[in-house]
Ligand code: SF4
């Protein structure tokens with residue numbers, strides 16, 4: 001991929017694009033940028049499974065339909081046997097990565113996490129663990145009285161391969177404070193990613209739209225990602241998706257597909273230093289997911305053999321690998337399996 005194949009736009013230019021361009025002209029510009037960065041007509045994807053080791057969470061975000069508070073009858077922590085069964089099933093379906101995330105469980109100490117990682121590494125050395133978003137790392141560090149660097153070093157030594165960009169929502173504290181007042185502030189989210197990148201752990205970055213934010217909040221979010229990427233180069237991809245209000249305590253309408261596509265396109269144009277942008281077919285469905293491939297996205301994310309968080313909000317789009325590939329082909333792209341770092345998966 002050519003380095004910086006697209007030029008940098010300022011915040012003022014991004015604002016002007018948002019205000020002046022309609023969805024189609026913004027999409028056309030974003031697609032041109034995508035093709036400049038990835039001239040080959042390829043759409044990448046990964047075969048993996050989201051595994052939530054616990055749904056118990058003391059954070060209580062207003063937009064979350066997945067968690068159960070500590071002591072709730074529906075709270076669970078996966079046993080080693082349950083975890084192993086899920087990973088074995090993933091491998092049997094051709095998977096080679098798991099996305100491992102939970103909640104902020106007040107009784108699970110650092111040795112639970114290091115033990116879980118070491119167990120997975122021993123039992124499934126061929127499966128990469130992409131796990132623990134920044135709020136989980138901050139929670140663990142506080143609970144153990146350790147620094148973020150110390151927690152990340154312990155997790156990495158036990159087998160953690162990379163970090164998902166979850167828990168970013170909108171990296172603007174007024175919005176974070178209104179929807180998830182107990183979650184780490186934007187500075188700490190950035191600090192975890194900076195430290196992870198420093199320790200050689202690559203990560204993704206996400207953004208959730210439709211939480212009551214304005215375009216200024218979204219631009220603040222994009223600026224923080226771009227600034228950190230200038231410093232570390234550790235982000236492999238950016239993944240915007242829409243808040244799913246079903247079963248949550250946040251009574252706002254879902255952002256439209258039009259809003260999603262415009263934001264996706266703006267992100268592609270603004271994040272000149274982030275190589276890959278993912279289409280969110282999990283929240284948007286296969287058709288808008290396919291359309292996103294012409295609005296700046298060059299990646300279909302994951303086949304998501306299992307997904308619980310968005311499903312808890314009542315949104316259950318599922319796609320088998322062959323269906324995902326069929327959509328890419330129908331849109332004019334060759335589907336290619338990739339690893340977390342976006343290298344081509346051997347034998348695909
Ligand atoms: S979004 Fe994450 S941190 Fe917030 S309540 Fe849900 S599980 Fe907990």
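Backbone N, Cα and C atoms are what each Cβ position is placed from, and that goes for glycine too.
TrEMBL labels come from automatic prediction, so no person has curated them.
Copied over from TrEMBL, here are the features:
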type	residues	note
DOMAIN	43-271	domain 'Radical SAM core'
BINDING	57, 61, 64	[4Fe-4S] cluster binding site
BINDING	63	S-adenosyl-L-methionine binding site
BINDING	133, 169, 280, 302	(3R)-3-methyl-D-ornithine binding site
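Structural mapping of features recorded in TrEMBL.
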| residue | record | Cβ neighbours (10 Å) |
| --- | --- | --- |
| 57 | [4Fe-4S] cluster binding site | 24 |
| 61 | [4Fe-4S] cluster binding site | 22 |
| 63 | S-adenosyl-L-methionine binding site | 19 |
| 64 | [4Fe-4S] cluster binding site | 21 |
| 133 | (3R)-3-methyl-D-ornithine binding site | 24 |
| 169 | (3R)-3-methyl-D-ornithine binding site | 24 |
| 280 | (3R)-3-methyl-D-ornithine binding site | 23 |
| 302 | (3R)-3-methyl-D-ornithine binding site | 22 |
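Among the binding-site residues 57, 61, 63, the residue whose Cα lies closest in space to that of residue 302 ((3R)-3-methyl-D-ornithine binding site) is 63. Considering only the binding-site residues 133, 169, 280, the residue whose Cα is spatially closest to the Cα of residue 64 ([4Fe-4S] cluster binding site) is 169. Across the structure, residue 61 ([4Fe-4S] cluster binding site) and residue 133 ((3R)-3-methyl-D-ornithine binding site) place their CA atoms 15 angstrom apart. Residues 133, 169, 280, 302 are recorded as binding (3R)-3-methyl-D-ornithine; their most distant pair of Cα atoms lies 19 Å apart. Only 57, 64 of the binding-site residues listed as 57, 63, 64, 302 bring a Cβ under 6 Å of any atom of ligand 1; the order follows the sequence. Between residue 57 ([4Fe-4S] cluster binding site) and the residue listed as 'S-adenosyl-L-methionine binding site', the C-alpha separation comes to 13 Å. For the recorded site, residue 169 ((3R)-3-methyl-D-ornithine binding site), the DSSP three-state label reads coil. In sequence order, 59, 60, 63, 66, 67, 103, 180 are the residues of the same chain, not among 57, 61, 64, whose CB sits within 8 A of the CB centroid for the [4Fe-4S] cluster site. Mean pLDDT for the domain 'Radical SAM core' (43-271) in the predicted structure: 95.
Take the Cα of the residue listed as 'S-adenosyl-L-methionine binding site' and measure to each of the binding-site residues 133, 169, 280: the nearest one is 169.
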